[in-house]
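One structure is given here, and the rest of the page talks about it.
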């Protein structure tokens, strides 16, 4: 009867499960965190240390979270967890953007627009926003995001609104807020103004018309037409001037008995447009642009005369060299019109309907285009009509085209602070680096910021008007309103009459009858979120955050508005570092949509596969660019996760019965091969910690995962089996290996906690001699200052040598010479340099274990070589090394001694 020697082996033993079952287990781990109050406990641990503030940009409180939200919040969680484990005090205040059109539109969608008076609409909007905040809060928590979830900041909170109004007041006091009639981006669909940040540019079909305006007869200008080109025929009834460039050359040409005035450099382009033969073009006269100033022409559409003016914004190339000017429908037109005191005529109203300035009154502007083109043709003023596809601004919410319309609006003066904005932009660290150029260009080209909106759900613009309709720009008055809002909420702006809103006994010389009115427009929601740094003041934290991290679309949005309000009031940027991530697409780089059936829902993935799988996917992407996800990509991430988990399990299993207080052997007392393993790992740790420090999470895995799979699992733990399983429990080298495994595992758990916190928390629960109640309460590994270079150099030479030996063994296995490496006896020919490496590491007697063979014979030669032979003798029935010379002997001498 054969003896079962397996029972004499010290096999790995652990209750840590092989299968993660993350969908269910993560919820239990999160309950463990909640019971510990883990977020607050970590803050208390670091409360006396330097702060590190990541300011959470507020997502919009509308709908469930999507994979873009998951990417954003998980990246932030990586940073906060890492910095807190470094020892920084890292409060994370989650926030939500709770005002604005999408919420108002969603509420109105459920009933007719006229069914609500203002107060019930405000109540319904608030109810809708809070419901979505609560929903998203639980969804973010399911992803393992830590933060002060009990005390988030909401842009609808009384304290937030009052602080926002105070910031507005400071900007008023500095002369940065003004009301003016200006052309703005206007949505006729929403009947509201839009900021630059609310525009998207899409390809759009527009009419393309070339129109001839008859010049008033004067000497040479008899029967001459000024030729203009426009893609907005509906603006022609609002035309009051035609602009030419003062320094450019113009020619009066005759083509087939018709006379036109056009730019000289535009003639080749016009030849193609009108199919003119060059020989049919006769140049009658040549002029410098400035000589044409004040000449007049007739606009037959409205039977009015306009004049030629000079402007620098007239360009060569495409077009005619003359620009149709309608100050009511374009900022450049408006600005040049101011110089000439031109009338601001608007041919359409807020609904996009034509006004009474023309016979087209009542037509929607797109319908008016057709009628205008028809009338121009009848009048013989139309030279050519076509349709072009070009980039055109659309409202980013409705996806409908916007128009330019002159209306009285409230603005922030960018011009006054532009130089300081640019100066502060240069002080910020931008990741990626091109972010600085992008923001610089945006600020350089930015016009005054239109902050008024003609909607209901938002923060009122806290301005009163005198009897003469003059706005009262008074800091004390605005701060008084802010105090009222903080006490009673912003709805009082609509519920209370003006006198109740004003300070008691308030008087103003411009209102002798003590009559006042109030502004009914609300603030742009970007002004709301753009003042969110104010939440730190009431929590006794610095206003300038260490990091803002959002999607790359926020250069025009939150990064921009926050910079403007902070520079305007604090004279500094609100952030030291700005990090951006790309958008999430499917595996083929396509946008996710329900219609395409390619949507990957983070909550579904968390339920089915686990939040740590999503987090590991995030860490494995170059998030600065657009990223991709699909089931195949997630499968690869699961495979990666499984290898990490299995390694953790094997390491835990081999720490069974390990008593750190009595079994642990310090680094200095371990033999060189185990020291070298730790030194090699510490080099990896340096790179891992540097990657974290530079927000390169892909780099964390790039350094860590190959080490786990190739160095720890495939090398160290593999060769260690012959010692861990076979030797006695108190064998010195076995304790060295266990001590090394202990150090490796603890450090791995520490550095992987920001990325897969549920898993590391679970492993830590099985970890012997855990000193904290959760791995998150540990610190990041502290790198030791050791003189490592010589030992590590020889160790790397050995690893290269071992890699070559394994290739020879694999060839022998494939040829059928051996079935497993333990059947091999290798003769190793080494150079002096290679032999020296073995001497330094003191591993010559251990090579059979390191190569997992039964016997190694060494020879000093000029060149490296390996000869593989089948080991002679019999295999030990316990350790399976082929070292027994006598038949029918079950155990080798080593195993016999162990079992004595």
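Glycine is no exception: its Cβ is also placed from the backbone N, Cα and C atoms.
As annotated by Swiss-Prot, L-isoleucyl-5'-AMP binding site applies to 550. Among the features that Swiss-Prot reports, ATP binding site is placed at 594, with the record citing sequence analysis. Per Swiss-Prot, the feature Zn(2+) binding site maps to 876, 879, 892, 895. What Swiss-Prot lists as motif ''HIGH' region' is 59-69. Annotation comment: Swiss-Prot describes 591-595 as motif ''KMSKS' region'.
Per-class residue totals from DSSP over the motif ''KMSKS' region' (591-595), listed helix then strand then coil: 0 helix, 1 strand, 4 coil. Residue 594 (ATP binding site) sits 66 Å from residue 892 (Zn(2+) binding site), taking the Cα positions as reference. A gap of 56 Å separates the Cα atoms of residue 879 (Zn(2+) binding site) and residue 550 (L-isoleucyl-5'-AMP binding site). Take the mean position of the Cβ atoms of 876, 879, 892, 895, the recorded Zn(2+) site; other residues of that chain with a Cβ within 8 Å of it are 726, 877, 878, 880, 881, 883, 884, 891, 893, 894, 896. Residue 550 (L-isoleucyl-5'-AMP binding site) sits 61 Å from residue 895 (Zn(2+) binding site), counting Cα to Cα. In three-state terms derived from DSSP, residue 895 (Zn(2+) binding site) belongs to a helical segment. Less than 8 angstroms from the CB of residue 876 (Zn(2+) binding site) sit 882, 883, 884, 890, 891, 892, 894, 895, each of them six or more residues away in the same chain. Here the Cβ of the residue listed as 'ATP binding site' has 7 other Cβ atoms within 10 Å, regardless of which shown protein chain they belong to.
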